[in-house]
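Encoded as structure tokens, the structure appears first; notes follow it.
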Amino acid sequence: MEWEAVIGLEIHVQLATQSKIFSGAGIAFGAEPNTQACAIDLGLPGILPVLNESAVEMAVKFGLGVEAEIGMKSVFERKNYFYPDLPKGYQTTQNDLPIVGKGVIEVEPEEGKIRQVRIHHAHLEEDAGKSLHETYTDENGRGMTGIDLNRAGTPLLEIVSEPDIRSAKEAIAYIKAIHSIVTYLGISDGNMAEGSMRCDANVSVRPKGQEEYGTRAEIKNINSFKFIEKAINHEIERQIELIEDGGRVIQETRLYDSEKNETRSMRSKEEANDYRYFPCPDLLPVELDEAYIEHIRSEMPELPKQKKQRFIDELGLSSYDAGVLSATRPMAEYFEQVKDRCGDAKLAANWVMGELAGQLNKDNLEIEQSPVSAVQLGDLVKRVMDDTINGKAAKQVFAALWAGEGASADEIIEAKGLKQVTDTGAIAAIVDEVMANNPQQVEQYQAAPEDKRGKMVGFFVGQVMKASKGTANPQMVNQLLKEKLG
Amino acid sequence: MHNKTIAELAKGLADGEFSSVELTQHFLGRIDALDSQYNSFITVTPEQALAQAEAADATRAAGNAKALTGVPVAHKDIFCTNGVLTTCASKMLSNFVAPYDATVVDKFNSAGMVSLGKTNMDEFAMGSSNENSFYGAVKNPWDTNAVPGGSSGGSAAAVAARLAPGATGTDTGGSIRQPAAFCGITGLKPTYGRVSRWGMIAYASSLDQGGPMARTAEDCALLLNEMAGFDPKDSTSLKKAVPDYTADLNQPLSGLRIGLPKEYFGKELSAEMSDAIMASVKEFEKLGATVQEVSLPNTMLAIPSYYIIAPAEASSNLSRFDGVRYGYRCENPENLEDLYKRSRGEGFGKEVQRRILVGTYALSEGYYDAYYRKAQRIRRLIQQDFLNAFNEVDLIMGPTTPTPAFDLGSNTDDPVQMYMEDIYTLAVNLAGLPGISVPAGLVNGRPVGLQILAGHFKESQLLNAAHQLQTATNWHQLAPSAGQ
């Protein structure tokens, strides 16, 4: 039987506010345990929350970015459960009336295949603290649990998709699209390694063609692109095998173990907590008006979808190139800077997606970490365009810039003597020399039929370029060779 | 000195009749000598009080005194006090020293007032008799066999016994007004949002409101002047200017329209109680007010509505007391679940546990609509009842409680009977309205209170009416023998 996976994702995005969602404590990553937790975050008696308005603004930005309905009245509720890293015994979150309603995101899991993933809603909430199970022992060496409340109260935007995703690959494309939007908007640093984006996946399978959904399992705690794909694929396989062996999937929460590449049961629906949601009486409903929404709308940056379209329409890039170059904000910024510097979008695109992307990939670097700046690359491309250097020399210059051997393309061209030779006389002299040194090849060439000669001329071009240390203008070399070889 | 009102003490201090140190020493001496009979304080802070008194005298000497500089008061032990034990009368917080002041405490400190200590109460403000305290029951200074009311029973008893000229209280369903009535003092529950809840340990957040307890309406006005105001740390406090609550105390009452809700004078009210209340109402008529009957048809629904909403909020508010970070922790917990169960089982008293269970049940999946949502709908009906009534009249009056103070131990086996004590007071919290209880004489030798209610933010009008009554009569001057 052919199976189809049905996947819905819940993505927790940590918002890039200065302080926590209900307190003035900072939210920097990696601080000493409990140094960024004030009385409010500790849940001391008598404390009260005050909503951080910039978290609201960021949520609204996201909503506008995915063309969603904005909740003009949203309500914080309490989700009640006991856990040592949940200081108040409840999480303040939104349930019935979230700040962001239905929206949609376009994703392109493979070239030319565009899919719409609907957003069910997105809501604001506070993060819990962290339980540290490994590091602590008591005086008798027994394991103890430490609690770090630095993260408690960190603002999160939980983005809940409809079950519109059909494969792990689509899931990755969706997450990357979300990542791209939140980083474009500047509402999150999107740093998955530091937990700024965390993902829970609801996965079920059904026979292809069946309308009805299968029973779903929720996989928690997946926090890198790599693991998301593996965890989802593993879970799809587990469910298919289970059903094909005559079993049935039970509704439960499963935890992904990245070391063993497996999911295991955490709790079933029957054991699930009854969270006893009710409106938080310490916080007033958040009521927004049109003027506020319009003000935020007027400050929205260009988003990936719009940017891609502009790259196609105005710069004449292909849909694929436009998609790659607009995928992340740093990539788009880099590309646009190169393009502005050199003035040729297609050449700029080729360099960014070719030489630069290749080197970044090889050295495992992000574009923000590139040793060659966009200005340096733009100037280099400019020298190719004005025939100062040829393509081959340009690659040498790029390598030198990458290695830090000079501050600019011009400096390296000068130092290495890579300036292209365009003097006909000088090139003709080299051509003559090469022909004189290779009489046998000249004879063979001249004896060969017309249709074989094209290939054979390559040998002479190579020799001339070598003799000119790569500085001869290749077009002129070709032309002179053809003339002189007859 | 202890029979003087706050207004008189403030004048005495201003006139140099006595110093704040002398005054503070006098009240500390009375607490030391007499409180063993009433158990109205959980913590007395003589050193801190005297230091504050000295500072107050110095401020006065420097010419910087404010209205109440140097006046001593007591705080209900539900208000967090920086560096001082704050227990909420619970074993759970019997070791908790707050690292911050409640806004109310902070405001009193900034006003130059002196804190004598922390008063006893029903545990986590849950109770109507002050018998639910880890630190033992409080006794009514009028009759030590009687309860002082609750939950602000310690504050009421301390003021009645002249151990403090005034005190803070909190009122979630009557916890200021009912003990004020039982102890023969004046207690004001302000409009919800008028006084900051920051640092006031939450029982039921949408109902809790701090307020003043003193012997006269004028004193309550003076204290409210220092307590009220918007607090950026409390999202439910209101951005509304604070008037001088003493400014309108002497407005004439001619033309004032008083409504008597027929539901407050039903058969559960004894003839003696009714007579006492009507005697006060007559005084208002003499002062030029007109009296008419009004109806609050949903009054009887206030109790079930309140006893869903308040426990529901409490069940969540009290979840933080888990033995993990502060407060009581059981001995040798075997695992996390054991830690939770025993810390909470041993740390909370019976009534608190009862309300947590009721509230947890009311919020449970499948019951939420039938209980919590329905209770919220009733709450809106009750609010509407009051709004309708205030279209016809300026003030609503009636008894604060159905009976005078009952005997210690008489209601402890029957929680529902105990809950009925709050029948006249609960609805006011559900509607968020201000209300005041003023002494209205004695029934069977025990004080009873007249409750006066007004529209939202009309505290000045309440205080005006109460002050005029106290100018025309002397019920508020009756004192238990202990106060002589």
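Backbone N, Cα and C atoms are what each Cβ position is placed from, and that goes for glycine too.
Annotations in TrEMBL come from automatic prediction, not curation.
A quick note: this is a predicted structure, and the numbers were derived from the prediction, not measured.
Record features, source TrEMBL:
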type	residues	note
ACT_SITE	B:Lys76	active site, charge relay system
ACT_SITE	B:Ser151	active site, charge relay system
ACT_SITE	B:Ser175	active site, acyl-ester intermediate
DOMAIN	B:22-463	domain 'Amidase'
Margin query: Can you tell me how many other Cβ atoms are located within 10 Å of the Cβ belonging to B:Ser151 (active site, charge relay system)?
Written below: 35
Note to self: Just to verify a number: CA distance, the residue listed as 'active site, acyl-ester intermediate' to B:Ser151 (active site, charge relay system), in angstrom, no decimals.
What the structure shows: 5
Margin query: If I restrict to non-local contacts, at least six residues apart, and a C-beta distance under 8 angstroms, what lies near B:Lys76 (active site, charge relay system) in its own chain?
Written below: B:Lys118, B:Thr119, B:Met121, B:Ser152, B:Gly154, B:Ser155, B:Ala167, B:Thr168, B:Gly169, B:Thr170
Notebook entry, point to check: When the pLDDT values for the domain 'Amidase' (B:22-463) are averaged, what is the result?
Noted result: 96
Checklist line | B:Ser175 (active site, acyl-ester intermediate) CB neighbourhood, other CB atoms within 10 A | finding: 37
